[in-house]
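Lifted from TrEMBL, the feature list:
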DOMAIN    42-217  domain 'GAIN-B'
DOMAIN    226-470  domain 'G-protein coupled receptors family 2 profile 2'
SIGNAL    1-19  signal peptide
TRANSMEM  229-252  transmembrane segment
TRANSMEM  264-282  transmembrane segment
TRANSMEM  294-312  transmembrane segment
TRANSMEM  333-352  transmembrane segment
TRANSMEM  372-398  transmembrane segment
TRANSMEM  419-440  transmembrane segment
TRANSMEM  446-469  transmembrane segment
């Protein structure tokens, strides 16, 4: 913590020693110029007559992208001029955690809690007698300072993040009160970008570019609206997912529901249900506490599990519609390994390597500062890209079969069913999380609302497509209701016919269906696809 104060005093000492050295430059060798470079700094000591300056400005250092330029018109009088210049190579690294309250930069002090760091070389120049400069920053002559930014990888990542606002200040060390305090009085940043800054100042001292990164915040109205959408949507999703799991459990004895596809649906529903329930609970906890840290790890695991089961949904769909691979038993093991095993491995590695990244940065989630968020973003992006590829491949197959059925039977509903299949698959395979990536940009507020709606209502969509609009589930529920009614009326002597796909479709055993299934391709039986696969 004492480093900035010690370093600022050291800089003042070096300036003082160099100034005394320059004042002792006498003899017949004038005008005199001493220039060089050391491990610490580039330096120049100059003693000359104003009339010997036959250029429009004096520049230190004479080469390079970072320099100070003094117009020749600022030098007045007939006395000899002494100039001492220093461009420090590494001094700026020690000014990396400056509290804005400890500066005289009003703009920076307005963002309390967001630390400032030096993002350029520290350059110093001293001229005796003082040059005559304009008091008004819009007048002339003024000192021109150009400094190349020396951003660390972390600073560069923060600056490129569209959810942050970057403030760059032309500042100097002010020793008027005895200690060096960063100030921007008498300086203005005229131009520049993320790579360099050009400043105009009406005085001479030690200069540097200071950077302050401030996260963009939504207005109170948008925060309330997005929070309300999240609370209502998650509560509705939890309710719908609970009904979905209960429905699958009740109908598990029916043969058409007791298959691998509904096992996948149930595991995905369970992962999303637990993730959204924990998400609602996390809003009630304070960051940087042990419960918040534990909840952040659990949230990471269950949201990863939700994505992993979305990937399993995509793989299973691919194996049913496009290419069959593996036996039912082997696929069962693979699916559970992907759905629960892979997220567990990722979470264990992430938690053991960067435990401090959980539940510390304002909420019970992964930190956005040190790259730990990639332990969630990278797997999620992988799942989204793979599932988008599977969605395109499946849609092409279904569209081709629909077109063939239309040619054979003239059934226009096939195209409607294709559109329905795509609508079903988009939210289930995680495609709605694309809006989450777009929502990072604060200028795209609409994507934040779209993402909040789609993500919080994911459970509702799963209930809608897996239960409410699923013909197999509806038929199984009708069969189960019939069994219950027969049982309750004590008519045990009535034989209830087994529930199978023939009864569901209205065909008698051993007979040929009167009409080709909508998803059958008459020309090639190998491409037969059942809508239930979608």
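Each residue, glycine too, has its Cβ placed from N, Cα and C.
Just so you know, TrEMBL annotations never went through curation; they're auto-generated.
Under 8 Å from some Cβ of the signal peptide (1-19) lie the Cβ atoms of residues 43, 45, 82, 84, 86, 88, 91, 94-95, 98, 122, 124, 126, 128, 173, 175, 179-180, 206, all in the same chain and six or more residues away from its ends.
Residues 258, 262, 265-266, 269-270, 272-273, 276-277, 279-280, 449, 452-453, 455-460, 462-464, 466-467, 473, 476-477, 480 of the same chain, all 6+ positions outside the transmembrane segment (229-252), place their C-beta atoms under 8 angstroms from a C-beta of that stretch.
Of the candidate ranges 264-282, 333-352, 372-398, 264-282 contributes the most Cβ pairs within a distance under 8 Å of the transmembrane segment (446-469).
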